[in-house]
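Copied from TrEMBL, the annotated features are:
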TRANSMEM  103-122  transmembrane segment
TRANSMEM  134-152  transmembrane segment
DOMAIN    177-296  domain 'PLAT'
TRANSMEM  339-360  transmembrane segment
TRANSMEM  389-410  transmembrane segment
TRANSMEM  451-476  transmembrane segment
TRANSMEM  496-520  transmembrane segment
TRANSMEM  588-608  transmembrane segment
DISULFID  697-706  disulfide bond
TRANSMEM  836-865  transmembrane segment
TRANSMEM  877-899  transmembrane segment
TRANSMEM  930-949  transmembrane segment
TRANSMEM  970-992  transmembrane segment
TRANSMEM  1028-1053  transmembrane segment
């Protein structure tokens, strides 16, 4: 068996051969070269195998598996027996084949167990340097676990601070009625606020005065936060109707805005809940710009609305249900802490890694043999075997069960203290509430299984035991695998884990949220709310610092005089204007930084794809092959067929093989190198000819047959004998015969080629420069004599592939000689250096991945603009530039992947043949050219967009606005100019096509006319061509094009420039505002008295409003004063009554 082959070899011994034997001896050794020739190459049967006691060392790696299988049947006495059963030769470690000579039912094993660990090998080879991958993996994962534990502990402490139920500072000490207010801040970016929030709560019986949410010991209204407050009122407000809530916009920057999800008010006497749904911004710069809203009590229909339920369920499922995400977004009220979640995550991670590495060999072998297993299920190109299903199910179950049990164990552990100090104080004031609470807790405990607080240590102990066992066996199996195989396993397991965390779990959570929002809209099952209202669900052991207990601080502080800061309409408008300017400034700065990074990334990818040695490589090969110093062998000066044969036989052939050194020494270790001793020839060079068919002339009066120029339709496609004849009696070598045999492009692995004089196919008649140098020269001389190149030859391609190991550059070399029907010869050559190592560069790969992230980001922005602007999007110039960047970027990524696959194909072919086979890089050259083309346009569009980013510069702004205003007029002018220019193009081409080389084609004529427009043309050629028509046509062209058309063009530009200069631009004002803010912030410029006075005047103008607008506030203040006098008098009468006065 050939160990270089990855096939599986099997030696089977059935139970009939082993009967009567107690043991078997199995031997394996490697044959030497003599034994290979004797026993393998001569196809002789081995009668006496070469068995010896001498030690042998293997030069190739191999794996050996020995397993036993058996077939049994159950007899009448319920005993398992094997007589009459034979194990078949198709038995393997996945299935058992049994032959029976009786009709008794028989059975075989079905449980797939991992291979046992060779502990002797593990302890012998447990060196760190031999097994760096597995050791570094465990160390790296452990470090991540420690870092996440520190992060989790820090945030768990912060979560405890968020759990405080804060009594409002403006609670009155004699108020006897209590309400709990839960405020839910949204999860959107900048949803939290630092502004002062005030409200008025209104019911059927009464309403509160203006109350202020305060948190003297902790921050309130943070993003994704839930804040609980206790408000006291003199008497019950009755059924609540609405809450009027606002803030004073006093926060700095984005901290002024606030996104309120909803508010839940609970009557602590009756435990009745009232929901106030907002789902709106309180921000001057977002939504409708309002910072004050009236929220009515939500009805049952509103509370069961789909989007309301979906927002609650989706966030709670992601923040609490996704184990990995919950480390960072865990609800602060949940007793399942971040540290516990982090521990459960790593229990799941290590158990998954353990089971994957234990079953890795079995799963790989199942995948390798899935197409050969008879009972596999085929679905298109996919094959599924029962072994694969069993292995996957076992791995998933065995990894899920311990993690699931640990998670539930942690979730059901009770805290030491179940009622907070604040609740205890409230229960002392209201004993009836305590009775109801105890009943509620009793019912809850009866329906839920929980564990005592000390079980927490057991849960941590079990977690660390599972992690330690997993680490031990992962290291053992990794040592057994070896470092290379461990890397393959690590890639496989990391791909599975990340796809599960980032793809599978989020999709599952979103689908569950949608399902529950559609079909299970149970308002009582509100975990987010119940955890705050029910203190038994909150861990408040160390929370005394954040509660105002009766002993330390008075729960009810006397009401103090407060200032009600409610912005009027003008103040809101002024704040909105200033905030929008600040947002625009930060948006501009962010856009500029992001795009600058993106542009640097484009340049890195583009210029990393170019090799600095490419130019020197091409320059060297041109001088080497063209041989310009010798006029007889100069490739560029070839003008006849004889000169071409002369260059081919005397210059090109001698350069294909490494010759003697300058001092006469023979070239050593340069087998396969060309004569420059630096470039190695990959395989051999090929010479391919394209011929045409003979056809009848259109005018047959002089000559009947003609030989036209080459085209794809008149190409000769028949095979001939040497000498371009149909039959021959002489014998020739295979290389000569092949040179006259037609081959297709699929057979030759060649592609279409665009030459200087036309497009050529990849077919043709091929001669290969193979063998010794003497044989090649002899064959070329014979081809010359046989007239291989004749009057029907239209193109000769010489193609070779070189590799320079010094600079790691492949070079595709193509020499093309085109024979025209006029008899002239046009020699061209193309040298295309390719650096395939770009595709294996880590820097290039990282840049490509980050680049794709940027493209996805820009696509999201452009899709939003397209949805907003509809068809107007395509009329904007900068939108087209963005589309160009996106299309070219995705195209370059696709071509990069295409090139990577082509590189793998070529590298595998090179590895198999060690470079001794012809490898055509023509297709790789096309891919490289396409990639260069796309990356070049990416850089072009990217640099053009810099003009848009620098639009705050007044000169650039004038330039872009001038082009914008002149757009329509320039289109009309271009149409008129094209007509005039094409007229002169036809005139000059028809008059001077045979006299002036610059007018030999339409393209060259147009180039000449543009040079005349720029006044960079020598008129002597026109005078020599025709003394009258030349100067006349030139004068007419200058008058119409230069004097008239260009003057019209300048007039259009001047008018648009004047119009652009007269307009004021908002972008320039934003830039001035941004510059002023920057100078004030850095202290480089201080506000002058006039500027201070102007800013104060603008603020005063914004704060001015009619007195009628202030009337509701004045009435509120009056009612508040009356209410205060009434309550003070009532309390005084009560005090006098108690004193007996």
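Using the three backbone atoms N, Cα and C, a Cβ is placed for every residue, glycine included.
Remember, it's a predicted structure, so these values are computed and weren't measured experimentally.
Counted over residue pairs 6 or more apart, the CB atoms of the transmembrane segment (451-476) and the transmembrane segment (339-360) come under 8 Å in at least three pairs, which marks the two as touching. Only sequence-distant pairs (6 or more apart) were considered; of these, fewer than three Cβ pairs between the transmembrane segment (588-608) and the transmembrane segment (970-992) are under 8 A, so the stretches are not in contact.
Beyond the transmembrane segment (930-949), the same-chain residues lying 6 or more positions past its ends with a Cβ under 8 Å from any Cβ of the stretch are 591-592, 595, 598-599, 602-603, 605-606, 609, 878, 881-882, 884-885, 888-889, 891-892, 895-896, 899, 956, 959-960. Averaged over the domain 'PLAT' (177-296), the predicted model has a pLDDT of 87. Among residues of the same chain six or more beyond the transmembrane segment (1028-1053), those with a C-beta under 8 A of the stretch's C-beta atoms are 962, 966, 969-970, 973, 976-977, 980-981, 984, 987-988, 991-992, 1009, 1012-1013, 1015, 1019, 1021-1022. Here the domain 'PLAT' (177-296) is broken down by DSSP into helix, strand and coil counts: 4 helix, 61 strand, 55 coil. All protein chains considered, the CB of residue 706 (disulfide bond) has 13 other CB atoms within 10 Å. Sequence-distant contacts of the transmembrane segment (877-899), counting only residues of its own chain at least 6 positions beyond either end whose CB sits under 8 Å from a CB of the stretch, comprise 605, 839, 848, 851-852, 855, 858-859, 862, 865, 869, 924, 927-928, 930-931, 934-935, 937-938, 941-942, 944-945, 948, 964.
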